[in-house]
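The structure under discussion appears below in the form of structure tokens.
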Ligand code: TMP
């Protein structure tokens, strides 16, 4: 089988985890081997980087933050993602380069182009076959996170609403610029409806034809 690399993007509370779980079950029932992973934190080293980047107390310089995400990505892509794709697996990944561009490049103001080229260098050029953007109203997403976790936000989640509005718009702009790579789904719809839209894009990519 041909390996595939599918990424999920979107703000906090958009339902990436739920949708990844549903999609994994659907693909596995149809005989595909799925590697579910995430950034930051998809490897043992990445778990330690994730702890720093999301839970460090006090100030973290924005460029340091960008490099921590890039370091996590470099190790993850080389040791886990590329080998899985080479084996013919479907890699289903929560967040990738587009998150760095949206959060560090645009919302932190480090520059979308610079962060994209840093990230692509870190990943040695590995691009997703498909990126699913779960687009959701920021206030709705934040309310979902608060309801699920009782108001304990990590470093990035604690940023003001305007930061997250900027992130949302940055994702939408990237999707508009690369319509062939992106599937934009209204994450305000019900979970089964969102999943239906995702399956209709993933099916043809992985050779599943259910009419
Ligand atoms: P999550 O795994 O709960 O989505 O948390 C990851 C957080 O890190 C989320 O707030 C988005 C942020 N992030 C970045 O700022 N840049 C990145 O490159 C990635 C992968 C995530």
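The chain as shown is numbered from 1 upward.
Backbone N, Cα and C define each Cβ position, glycine as well.
Positions annotated as ATP binding site by TrEMBL: 10, 11, 12, 13, 14, 15, 16, 17. Mapped onto three states, the DSSP output places residue 15 (ATP binding site) in coil.
Feature annotation from TrEMBL assigns domain 'Thymidylate kinase-like' to 8-198.
Within 8 Å of the centroid of the Cβ atoms of 10, 11, 12, 13, 14, 15, 16, 17, where the record puts ATP, the same chain has further Cβ atoms from 134, 136, 141, 144, 187. Secondary structure at residue 10 (ATP binding site), as computed by DSSP, is strand.
Around residue 14 (ATP binding site), the C-beta neighbours below 8 angstroms that are at least 6 residues distant in the chain are 134, 135, 136, 141, 187.
Per-residue pLDDT, averaged over the domain 'Thymidylate kinase-like' (8-198), rounds to 96.
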